[in-house]
Amino acid sequence: MHKINLSKKQSEIVNLKEGAFLIEASAGSGKTRVLTERVKQLLNHNSSKILAITFTNKASEELKDRLSLDTIKNNNVFVGTFHSFCQSILEARFKLLGFQKMPHIFEDESDRIEIVEDVIKSIPYFTPLYKEMDSKERSSYKSRVLSFISEVKRELAEPEELITDDGEEHFLMLYNEYQDNLRSNNAIDFDDLILLIYKLFINNEAARSLYSKAYNYIFIDEGQDLNKAQYYLLKSLCSKVINNIMIVGDPNQSIYGFNGSAPKYMQTLFVEDFKAKKITLDENYRCSKKVIEAANKLMDLNVEAVNHVIEGKFEIQRSSNELDEAKFVVSKIKELINEKLHSDIEGEIDYTKIAILGRNRFVFKHIEEELISSEIPYYFKSGNNGVKFETTFMKVFDNYFRIKINPSDKIHTRKLKSLLKIDDFDDEYQIELSKYSFFSFVKNIVDHLTGDNMKGSIKQIENFIKENNLFNEEDQLQIANEVEGFKNLWKTYSINNLKPTLTGFKNAISLGTVLKNVKEDGVCISTVHTMKGQESEIVFLIGLDDGTFPYYLAIEKGGEELNQEKNNLYVAFTRAKRFLYLSYPAIRKMPWGDNKSRSISRFLKVFIKQ
Ligand code: ATP
Ligand code: MG
């Protein structure tokens, strides 16, 4: 990132003395920028001990890049997400929380679903009722149970408190059984991670005080997305000792309500509990005139564009259907690339300056095909989730690796047994007959794996893939790619950790804190949620038909849920630095097969001349 001059108001924030501050300002006003500069400044000028919590792993990486690894290693600095912060504490303190061994994170929703299913089936009274349900009813029932469990943890509630309807009393039993089942796998879920450390802090003063003394400045980015558990975790960490805390955020960008997040934690609770001083920034440094005018109109705001000399573009396209929408985007991309230079855009226009955004991934269905047939390079931006392997070889490897380092893990033991069609991993005869003959090789490697011989073992895997004619050319290439990915993950993990361990590595993969090495080359395709906090010169925002954006379920619910959809649209608009193209199909093929005529998103009606 090139050097920029901060505005007077921004510099004042960077140079603030001690205290609690809320920087509440709109998108593109330089909140993250100011946060980063202040962290840098504090590290350069004294031996500050800093905790900086960002919302995504990606944002953490960016902040770490700007601070340089040496600065981080030589100082007491922690940059990461709430989850990675809690994970690092858990690694050191799991015994205090009643675990014999470091628990493993079950990051995959399918693992949680499997546990709930087991739990339901284990309760005799309930099994017949479950059996009567058809598959759709079963999955909606399981997801209701899972969201109940999540909510209890995120809201720091007792399960009893959240039972509102008659007939939901049995959720209590399911909650307890689910927790016991996770425990018996020596596992925890994402919500537990926050809850456990919160509990540690409130129940163990010695531990709390140790962490509280470890930092004298705390920073939180995207503060509007704090939920109850995260806020109280923060509060319990700080209590009395640290009061140098800065939260930056924008209530209009609150889009994680489904996760229990709400701007009130920063706007009301933080301000009252910490007597925080509120400071605003009123200028937009990111967007062109046309883009900021549109964003202002959408949200009824009045933010000034600093780049007002840059005109930019804001256009709305109606396509006859989804395929035409994809063709419109791709032909526009070609046009822009051919144009090469545009006075509004710095440097030559290339693919990396273009992003295609949508509310859900399904709106990209045709885009991918069109990009491929036009030979335009693209990549999907990945969010906070851990790494998933797609090839059978790596799935087998990953599952066996999990079991080896966590022998209590019954869920993945079962998964692997059914994948291999065997029921004993130590029976040589069965191994020989297992569905995939490479299992004996994988087993042998993983059985001998340690942190020290990881590099050599990966080399052996690479040779095995190359030299064996077990796989066809295409599979071989794909497996090699995934092995390469795994190798890079280990490299990143072992550089960043003084004491690399296999369990630590596995959990870092689950949390996504060692980023998958996807080359971010070409046109970026992303959901709006994943693009949060980031920006792109040219943005295409597609699938803007009512029912898709806002999503039909939010329309049905109305109120705050619908409002969050509008916020999400505002986030999408404000990712664009220069050009913003919106589009919607007049006909959409629905998941159940019929074609439905669609009208423009209700939020965009303000842009249509009557
Ligand atoms: P969001 O709410 O979307 O997270 P933000 O408020 O965090 O936005 P930043 O990402 O910090 O905004 O800044 C937006 C863009 O403006 C970045 O490209 C940043 O480098 C640039 N910027 C910030 N302050 C200035 C400045 N004083 N001069 C020039 N550019 C600036
Ligand atoms: Mg930001």
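Backbone N, Cα and C define each Cβ position, glycine as well.
Secondary structure at GLY28 (ATP binding site), as computed by DSSP, is coil. Sequence-distant neighbours of GLY28 (ATP binding site): residues of the same chain at least 6 apart with a C-beta under 8 Å from its C-beta are ASN284, TYR285, ARG286, CYS287, ILE292, GLU535, THR574. The ATP binding site annotation in TrEMBL covers ALA25, SER26, ALA27, GLY28, SER29, GLY30, LYS31, THR32.
Mean predicted confidence for the domain 'UvrD-like helicase ATP-binding' (4-288): the pLDDT average there is 91. According to TrEMBL, the domain 'UvrD-like helicase ATP-binding' annotation covers 4-288.
Feature annotation from TrEMBL assigns domain 'UvrD-like helicase C-terminal' to 282-533.
A Cβ distance below 6 Å to any atom of ligand 2 is met, among the binding-site residues ALA27, SER29, LYS31, THR32, by LYS31, THR32. With respect to ligand 1, the binding-site residues SER26, ALA27, GLY28 contribute ALA27, GLY28 as residues with a C-beta closer than 6 angstroms to one of its atoms, given in sequence order. Cβ atoms within 8 Å of the centroid of the Cβ atoms of ALA25, SER26, ALA27, GLY28, SER29, GLY30, LYS31, THR32 (the ATP site) belong to the same-chain residues ARG33, ASP250, LEU281, ASN284, TYR285, ARG286, site residues excluded. Taking the Cβ of SER29 (ATP binding site) as centre and 10 Å as the limit, one finds 27 other Cβ atoms among all the protein chains shown. The Cβ of LYS31 (ATP binding site) lies under 8 Å from the Cβ of ILE23, ALA25, ASP221, VAL248, GLY249, ASP250, LEU281, each of which sits 6+ residues away along the same chain.
A C-beta separation below 8 Å, combined with a sequence spacing of at least six in one chain, links GLY30 (ATP binding site) to LEU6, SER7, GLN10, LEU281, TYR285.
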